[in-house]
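Trainee: So TrEMBL lists these for the protein:
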DOMAIN    28-152  domain 'Response regulatory'
MOD_RES   ASP83  4-aspartylphosphate
DOMAIN    353-487  domain 'GGDEF'
DOMAIN    496-753  domain 'EAL'
Amino acid sequence: MSLQDDDLVFLDELNEESAPVQAENYHKLLIVDDDPDVHAITLMALSDFRFHGAGLSFLSAYSAAEARNILDSEKNIALILLDVVMESDDAGLQLVRYVREYQANWLTRIILRTGQPGQAPEFDVIVNYDINDYKDKTELTAVKLYTTVFVSLRAYRQMLTIEMSRQGLVKILSASNSLFEYQSMNEFVQGVVLQLRSLIDCIGGAMLCGVSDPGSCDSVDAVRVVASAGELEKFAPGSLVTQCLPPDACELISQAISTLENIYADSGSVIVFRTVNRAVSVVYLRGEGCLSQMDRYLLEIFCNKVALGFDNIYFIDQMRQLARHEPLTNLLNREALVNELKNRLLNAADTSAGLGVIVIGLDRFKDVNTDLGYAAGDRLLRVIASRLCSMLTDTGLASRLGADQFAVIVSNILSANELRDLTDKLLQMILQPVELEGEEVLPAASLGFVFVSGRSLRPAYDLIAEAEAAMAEAKRLGGNRVEQAVSSGGATQSGRLTLIRDLSYALDRKELRVLYQPIYKASSRQLAGFEALLRWHHPERGSVVPDKFIAEAEVSGLIVPIGSWVLRTATADALRWHASYAEKAEQVKLSVNVSARQLLTSDLVGMVERIIDESAIAPALLKLEITESMIMEDPARVEAMMLRLKDMGVCLSLDDFGTGYSSISYLHRYPFDTLKLDRSFVSTMFDRKQSMPIIQAVVRLAEALNIETIAEGVETENQARTLLDIGCDYLQGYFFGRPMTIDDANQLVADSL
């Protein structure tokens, strides 16, 4: 529709000379009208328009159809001046629906202009269509047009600010909800800079920076870009700010990090904050004019929240680090090493090259802790870790398996001989002197290795177990040496190393079981208890002799998890007969053997306490059997542990008395309840003249100390009667019953009570 020239009144200020609009500093205004005069007059009226220093960029459409094409191709249109009647009476109204419903565009402001107000009543249009103003062309003077556009752009900027804030918050919340994803830090910093720019209207660009060298907090040369937005978005993360920002901006950042105080200036502002690890970070904001007090307050609060967000991510990163790394040396832990080895085995399947696993066990490490203290021991472990890493190339990886054990995996190894050469070099490097607490210490180590070719892959756990077994063999042979795993050299699979390997899987494969041998009171021949005995039935080896595999379990350390399983299983089984026969079964005790490894390298007392709490078994029904050799390992520690067990109510038995040092001081010093005569004396009591006097002397000594005695290995009635006459309290052996299953033991309890 036409618009009369005299309907527009031009103000003097609109004719004043203005600076040309810069391409990056304008708002897009779309004029939709079928009258070319309307376009011309609107352009003339708004040619010098400024909104906070930004001008207008005009787009023109002469029909609703043409306007739709422009809206589809142009982004960020701030305002539409829209005629109602064009190719149809409601063409403008249909375009409103297109923008709001089809494009889902709620930001762009829409002002309807009509020359026929009666055809589209104002009230109905305002109610039914999402428009921001409805103007009659006959009343739209230059002043009113200017005012209407200014107010509409203000509303647009406000809604745009809200939308940018919402997007920034969504990114920050998304990062918070996905902190366990590796990309969460990137999401977080993107949200931070977007939110920063939307907080304050006059900010042209925002940059989040970090001090890359904590020791250079007074130098801007150590500050790098973390993320940026707006006018500064082109600068990549990791760039030095001195290469991105002008000297005046760098000077502001330098002042902030040297004084740790926020800087506010006309050319920009810098907010500085520290995170939990004391790292210094800054936010640089480029803008025109100094920030208001309210803006400063808002930014400082926001940056405090940002610091908390970084702290949260830092803690999560620490958790991830601890999940894969051992904290003392920062090497991979056992689980991470196994996963890495699995991946390398898969990759090696496509190559002809093999890989190797080396296990290193420090010799006499306990002496370092004892003589120089645990701090010195920790220092030695860190030195060894550093030496291992320094020897490895990109194809090697080091790990700490346990207290004094390390492991190395190496890829692209062509032969076992090449791996042996590397292992020998590792040993020589480890043997170099170390100064600890002012003393020169000569480390010692035993190394075992296994080689596997790329085309003969084996499970990761098998390789580590074999290398550990080879390391144990090196220790057995005197230490300070290298041993190759038997299987990796093509030898037979029936040796000690493969026995240990198979034993390491026996628990998971349910090849182990617990049998129970009855113990009777000598005087009444009444059932008094059972001894839990471990048995192993291998699918290929058959039944493995206990003396053989238990000794290997002790050497390899497998006895600790196996012993824990035996104690839990036996306790659960004992509860079955105690639950079935209540008070009648109170006299039936459960005896379980404890190994030296369990006693000295694990929290035996804590484990026993947990098992008692979980099973609710009476502590007095549990008897732990300890050998003399265990006491010799560390008398003071053993005594302390035994006293704690006694305080819990657990009974203690000295096993195999007479076969070792048989020190009488043990009976006087340690709180034993029973003493067990070894089967070697019982079986020869009528054949060797020394056996009977020894048995009589031990029984009399136990009686004098108020300690009960148990004779094991009783196989005849004559032996049982003679032991009763001597004064032995309890008897155990094939004469009374062989080791039996839990079901048979339950039946025996039922028949005996």
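Keep in mind that glycine also has a Cβ here, set from the backbone N, Cα and C atoms.
Bear in mind that TrEMBL entries carry predicted annotations, made automatically and left uncurated.
Could you place these features in context, so I can see how deep they sit and what lies close by?
Mentor: Each residue in the domain 'Response regulatory' (28-152) gets a DSSP state, and the totals come to 53 helix, 31 strand, 41 coil.
Every protein chain shown contributes to the tally, and the Cβ of ASP83 (4-aspartylphosphate) ends up with 25 other Cβ atoms within 10 Å.
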Trainee: Tell me the residue counts in helix, strand and coil for the domain 'GGDEF' (353-487), as DSSP assigns them.
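Mentor: Each residue of the domain 'GGDEF' (353-487) counted once, the result is 59 helix, 42 strand, 34 coil.
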Trainee: Considering every residue in the domain 'Response regulatory' (28-152), what is the mean pLDDT value?
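Mentor: Computed over the domain 'Response regulatory' (28-152), the mean pLDDT is 85 on the 0 to 100 scale.
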